[in-house]
Amino acid sequence: MKILVMNGPNINFLGIREKGIYGEQNYEALVSMIQKKAEELGADVEVFQSNHEGAIIDKIQEAYYNDVDGIVINPGAFTHYSYAVRDALASVAAIPKIEVHISNVHTREEFRHTSVTVPVCNGQVVGLGLKGYLYAMEAVVDLAMKK
């Protein structure tokens with residue numbers, strides 16, 4: 001079982017930016033949590049982060065060629081406007097995908113209430129902090145096993 005966990009813009013600044021929203025833990029702590037969860041699930045995991053839209057699209061396309069079984073993605077701000085990321089996710093329709101957000105985007109600024117990417121994902125986890133990634137990983141493994 002291969003899982004790709006993808007993070008978009010500014011996720012690498014966890015523990016630095018807006019601690020009241022995103023918490024005190026840094027990006028390395030998140031990666032460590034993800035790796036531990038993958039071990040528990042018996043899965044191989046690749047964790048990827050980029051502040052660049054094209055790099056995220058390239059990684060989604062690579063997932064197809066690398067026989068990735070499931071994708072967990074936090075597109076960051078690309079969630080709200082990147083039809084290019086949305087189309088890349090749609091192009092790998094056979095791969096289960098869960099969108100995750102650390103904060104509850106539905107209770108924040110109005111522009112955050114819309115996700116152009118979630119309609120091409122199997123589900124969404126929001127507002128559960130960094131643990132949301134772990135729940136998303138469980139869900140994507142479950143979906144992949146049902147394929």
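Each residue, glycine too, has its Cβ placed from N, Cα and C.
These come from Swiss-Prot:
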type     : residues                                    : note
SITE     : Arg17                                       : site 'Transition state stabilizer'
ACT_SITE : Tyr22                                       : active site, proton acceptor
BINDING  : Asn74, His80, Asp87, Ile102, Ser103, Arg112 : substrate binding site
ACT_SITE : His101                                      : active site, proton donor
Which has the fewest other Cβ atoms within 10 Å: Arg17, His80, the recorded positions listed?
Arg17
Alpha-carbon spacing, His80 (substrate binding site) to the residue listed as 'active site, proton donor', which is rounded to whole Å:
12
Can you grab the distance from Tyr22 (active site, proton acceptor) over to Ile102 (substrate binding site)? Cα atoms, rounded to a whole Å.
6
In angstrom units, rounded to an integer, how far apart are the Cα atoms of Asn74 (substrate binding site) and the residue listed as 'active site, proton donor'?
6
Looking only at Cβ atoms, how many others are within 10 Å of the one on Ser103 (substrate binding site)?
18
Which number gives the other C-beta atoms within 10 angstroms of the C-beta of Asn74 (substrate binding site), all protein chains shown included?
23
